[in-house]
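Read through the structure below, which is laid out as structure tokens, and then see the notes.
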């Protein structure tokens, strides 16, 4: 009888229309801001059928833009992977003067406009910059070439791995690392067998975010590339060029390809985030059982 009374009381609760209204508004706004534009990109790309899409994808300039985008990511991501691990290890395992300043400096790529970052690199490595004369004497071209595009991409993507690793490494502490050293493990053995398994999901999550930013970077890359057709056009820059040439199908084809890359990256990010959250829950449960 008590259960029936409790059920009736539960059923008698008024519906929270305000909550559902806010949920509906949030879903609607998200759909129009995020989902509808992505769908529109694919609709426009295939508006004249499959053949124009295939023809645009087979265009030499398009293929070069795809290759250049992938190459930049393949260089920038590993560099930031190593840099992120070393810097995260430094700020989480050692106390030193300027540690907080170093963590603050890592946020500069988030705070500075990518266009400003590209301009700084252009002025520094350009012909009239501090290193420009030396580079010209040795026939080394950084600006208006792919090395400059790689440099600015490394700059704008450098915080992601570090920012993912630091909280995880701080929460885990250094007890396991110290125990491994006491048991006779070398530095590399300690990292490979103790540290890396504990940070692997956060590390992969940071790599996915770095890759997403690397393949989609436009502002900084556009400043230092010179936008030379068939030479220094990454996929985002190729989209702009095709749009300026009134090649609507071509620009939407490139945009659809870039969007597809972003969707795959987002899917990987979500999977890694899910794994990371589950790992943290299991660790908390194990710690609770121990106590």
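Just so you know, glycine gets a Cβ as well, placed from its N, Cα and C.
Membrane topology taken from Swiss-Prot puts residue 61 and residue 183 on opposing sides. Sequence-distant contacts of the transmembrane segment (70-90), counting only residues of its own chain at least 6 positions beyond either end whose CB sits under 8 Å from a CB of the stretch, comprise 102, 106, 146, 149-150, 153-154, 157-158, 160-162, 164-166, 169, 195, 203, 206-207, 210-211, 214-215, 221, 234. A mean pLDDT of 80 is what the model gives for the topological domain 'Cytoplasmic' (163-200).
No contact links the transmembrane segment (23-43) to the transmembrane segment (201-221), because fewer than 3 Cβ pairs that are 6 or more residues apart lie under 8 A.
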